[in-house]
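Colleague: Sharing a structure below in structure tokens format, with a few things to ask.
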Amino acid sequence: MKETIVAQATAPGRGGIGILRVSGPKAVEVAHTVLGKCPKPRMADYLPFKDSDGNVLDQGIALYFKAPHSFTGEDVLELQGHGGQVVLDLLLKRILQLEGLRLARPGEFSEQAFLNDKLDLAQAEAIADLIDASSEQAARSALKSLQGEFSNKVNQLVDSVIYLRTYVEAAIDFPDEEIDFLADGKIEAHLNDIITQLDHVRSEAKQGSILREGMKVVIAGRPNAGKSSLLNALAGREAAIVTDIAGTTRDVLREHIHIDGMPLHIIDTAGLREATDEVERIGIVRAWSEIEQADRILLMLDSTEADNQDLEKVRSEFLTKLPSNIPVTIVRNKADLSGENEGIVEQNGYTVITLSAKTQQGIALLREHLKQSMGYQTNMEGGFLARRRHLEALEQAATHLQQGHVQLTQFYAGELLAEELRRVQNHLSEITGQFTSDDLLGNIFSSFCIGK
């Protein structure tokens with residue numbers, strides 16, 4: 001018989017309420033042993049919780065959920081008593097004395113919910129993300145993932161891929177049926193539609209990943225542009241040494257901050273110039289390494305220097321050398337010395353913010369800009385949360401879609417296109433964990449009258 005698991009569902013320590021959760025075939029037996037009866041399904045019952053000698057350990061609310069109508073899909077019993085840890089430990093010890101009961105592993109209740117098709121993998125992960133959410137936006141987005149918004153988008157993509165595979169494999173396996181879908185433009189049009197759909201989901205998932213894991217912001221620029229002063233201003237403390245000596249920062253400095261609950265990883269780097277010694281050279285190499293891994297780059301300019309007044313000169317010196325796929329915000333620092341007013345404008349496709357890191361003038365504008373860059377929305381109607389593994393799976397799927405497009409349009413290779421689509425489907429299924437090869441087989445026989 002399958003084991004029954006039990007664990008404390010509330011955080012350890014003192015509290016108003018403490019909850020033990022039991023899941024498995026012996027949940028009813030636990031109820032009769034500890035409560036003297038099993039409550040009616042989905043009905044709260046106020047009862048004493050007793051030890052093996054019949055002595056009352058505590059009294060509280062008991063809830064019973066009969067399979068499959070429970071979180072795990074199994075029989076579930078919840079005992080909600082007072083939040084004293086000693087009482088909860090005694091009650092847990094009593095339950096574990098029963099044969100066939102064991103302590104649950106971390107996350108095992110959610111695992112059972114997944115195995116019993118109550119949740120897919122993305123939804124199960126969203127439970128942890130909801131618990132760990134550091135902002136209202138993150139919590140709402142995690143809830144949307146838990147409710148299946150991300151999974152639904154992935155499943156729609158999978159359905160589209162299966163539909164296309166159905167046609168392609170029919171053309172390969174049943175040529176006598178005069179199904180020659182590779183000969184017209186319908187397959188390519190449908191493939192292009194899937195590529196477009198996937199690009200939209202990838203964009204949303206990347207935003208959701210930043211919201212969950214934090215945006216990596218790298219401060220870059222010439223020496224003595226005020227990069228370390230900006231790090232200190234954003235961090236709200238003296239995290240970096242600031243002097244008038246160019247090249248003070250030799251190594252990478254990191255600060256983890258929150259703006260209205262939105263997590264940011266701020267990276268201060270060595271000034272970009274021709275190195276004067278080996279230590280500075282190593283620091284500059286590390287700076288470029290951080291730049292290449294950034295989610296956003298803050299390019300610091302000294303607004304008192306004449307060369308920085310011309311954006312074209314800045315473009316030739318810095319912007320053309322920065323990774324083209326990473327968004328760049330130009331920060332004109334030292335407004336207190338140049339006499340410029342704080343402000344934010346769009347110029348030649350770049351956001352340009354004028355501020356003074358020393359006096360904090362304009363820092364609020366930068367904070368708001370970074371917050372909006374992470375997807376912060378005042379109406380809290382943002383999308384779903386996503387993890388790095390989701391992004392990797394979507395990236396792999398996109399790669400194989402593009403390879404499939406090449407096989408179709410350049411080589412007219414139906415077998416290779418079908419193989420690329422199979423790989424796309426497998427990578428997408430890694431997100432939800434719901435794919436089986438029987439899905440495709442059933443689709444072929446139900447969609448076509450082969451042999452008619």
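Placed from the backbone N, Cα and C atoms, the Cβ positions cover glycine too.
Straight from Swiss-Prot, here's the annotation block:
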type: BINDING; residues: ARG21, GLU78, LYS118, LYS452; note: (6S)-5-formyl-5,6,7,8-tetrahydrofolate binding site
type: BINDING; residues: 224-229, 243-249, 268-271, 333-336; note: GTP binding site
type: BINDING; residues: ASN224, THR243, ILE245, THR248; note: K(+) binding site
type: BINDING; residues: SER228, THR249; note: Mg(2+) binding site
type: DOMAIN; residues: 214-375; note: domain 'TrmE-type G'
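Explain the structural surroundings of these features, please.
Modeller: Annotation for ARG21 ((6S)-5-formyl-5,6,7,8-tetrahydrofolate binding site): same-chain Cβ neighbours under 8 Å, separated by at least 6 residues, are VAL6, ALA7, GLN8, ALA9, VAL76, LEU77, GLU78, ALA104, PHE109.
Secondary structure at LYS227 (GTP binding site), as computed by DSSP, is helix. The number of other CB atoms found within 10 A of the CB of LYS227 (GTP binding site), across every protein chain shown, is 32.
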Colleague: Hey, which of the binding-site residues LYS118, LYS334 is the loneliest by Cβ count within 10 Å?
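Modeller: Each of the binding-site residues LYS118, LYS334 was scored; lowest Cβ tally within 10 Å is LYS118.
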Colleague: Have a look around ALA270 (GTP binding site) and count the other CB atoms within 10 A of its CB, chains all included.
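Modeller: Neighbour count, Cβ to Cβ under the 10 Å cut-off: 27.
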Colleague: For SER228 (Mg(2+) binding site) and LYS118 ((6S)-5-formyl-5,6,7,8-tetrahydrofolate binding site), what Cα-Cα distance in Å is obtained after rounding to a whole number?
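Modeller: Per the Cα atoms, SER228 (Mg(2+) binding site) and LYS118 ((6S)-5-formyl-5,6,7,8-tetrahydrofolate binding site) stand 50 Å apart.
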Colleague: Through the lens of DSSP with three states only, how would you label GLU78 ((6S)-5-formyl-5,6,7,8-tetrahydrofolate binding site)?
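Modeller: SS state of GLU78 ((6S)-5-formyl-5,6,7,8-tetrahydrofolate binding site) = strand.
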Colleague: Roughly how many angstrom lie between the C-alpha atoms of ASN224 (GTP binding site) and LYS118 ((6S)-5-formyl-5,6,7,8-tetrahydrofolate binding site)?
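Modeller: Just about 57 Å between their Cα atoms.
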